[in-house]
Amino acid sequence: KTMTMNSTASHANHHSFILTGIPGMSDKNPWMAFPLGFLYTLTLLGNGTILAVINVDESLHEPMYYFLSILAVTDVSLSMSTSPSMLSIFWFNAPEIPFDACITQMFFIHGFGVVESGVLVSMAFDRFVAIRDPLRYASILTHDIIGKIGIAVLIRAVCVVLPVPFLIKRLPFCRSNVLSHSYCLHQDAMRLACASTRINSLYGLIIVIFTLGLDALIILFSYMLILKTVLGIASRTERVKALNTCLSHICAVLLFYVPLIGVTMIHRFGKHLSPVVHTLMANIYLLLPPVLNPIVYSVKTKQIRRRILHMFQGRKDRA
């Protein structure tokens, strides 16, 4: 009995976790290195191009594009939060991550996820003001107001996610230390604990409802008001023009929330599904929006598309 107690005590808290690449197919992990590297490169190039274009072109120094800059920085940050652990698994076959490093990564992944949601709400507000009151648009959304919105979004994310590392750290881990993803998530680490995780589960649910859930409702309500305003515009051409300015943002919202809902649904109701499906959905949720957002905005936003083409043509002429 004493030996068993000593054995349990020695494993009471893991010093590290083992991350999972492709479940049941660890021999295929090296093949993931190339597409992953490509996705991270695309994320940096795409968002970097958006930031460079907005910085260089003074005609893009408008509230809409400042919010787009914040979204691009958030996307890069979210992507970089997952890259160290994912690349260490797929490139260097080193799946072990220290406990504190795992908790730190968890904080940044969940934190930037909440920031991204907040930025999408800010952009919905931006579109509402631009369509509802175009003449006062620039005077309402001044540099000062945009800066305050950005700081408020960041502070909210830090405040709601800060308890998560402490909630995980208080739990004893005496079972397996193998996580089911290639990065650290709160719900994934929580299930390995050998004590009650009711507080963790409840707090995770509160975060989802009062940040991501509430944000989704605010965005939906904003678009109901936008639609009401647009339908009140007499000219059909003006109606189409007004709605076109919202297309990029609608795509960004769908890219963020659809995979998020998919991951949540699979996590809750898809326990019978293959672990590969869980891994694929979790990776899509974190890796796809940062890659596709700059592409969507480049294709759908005429000013940005024109400026990017102008940059490349200028390089060709110089060559």
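Placed from the backbone N, Cα and C atoms, the Cβ positions cover glycine too.
TrEMBL lists 31-54 (among others) with the feature transmembrane segment. Residues 21-22, 60-61, 65-66, 68-69, 72-73, 75-76, 79, 83, 86-87, 90-91, 287, 290-291, 293-295, 297-298, 304, 307-308, 311 of the same chain lie 6 or more positions beyond the ends of the transmembrane segment (31-54) yet place their CB under 8 Å from a CB of it.
Per TrEMBL, domain 'G-protein coupled receptors family 1 profile' is recorded for 46-297.
Counting only same-chain residues 6+ beyond the ends of the transmembrane segment (66-91), those with a CB under 8 A from a CB of the stretch are 19-21, 29-30, 32-33, 36-37, 40, 43-44, 47-48, 50-51, 54-55, 97, 105, 108-109, 112-113, 115-116, 119-120, 122-123, 126, 143, 146, 150, 153, 182-184, 252, 286-287, 289-290, 293-294, 297. Residues or ranges marked as transmembrane segment in TrEMBL: 66-91 (among others).
As annotated by TrEMBL, transmembrane segment applies to 103-125 (among others).
Residues annotated as transmembrane segment in TrEMBL: 145-168 (among others).
According to TrEMBL, the feature transmembrane segment maps to 202-226 (among others).
The annotation transmembrane segment is assigned in TrEMBL to 247-270 (among others).
Marked as transmembrane segment by TrEMBL: 276-297 (among others). Beyond the ends of the transmembrane segment (276-297), by six or more residues, the same chain brings 20, 22-25, 36, 39, 42-43, 46-47, 49-50, 68, 71-72, 75-76, 78-79, 82, 109, 116, 180-183, 185, 248, 251-252, 255-256, 259-260, 262-263, 266-267, 270, 304 to within a C-beta distance below 8 angstroms of the stretch.
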Self-check item: Candidates 103-125, 202-226, 247-270; stretch with most C-beta pairs under 8 Å toward the transmembrane segment (145-168)
Solution: 103-125
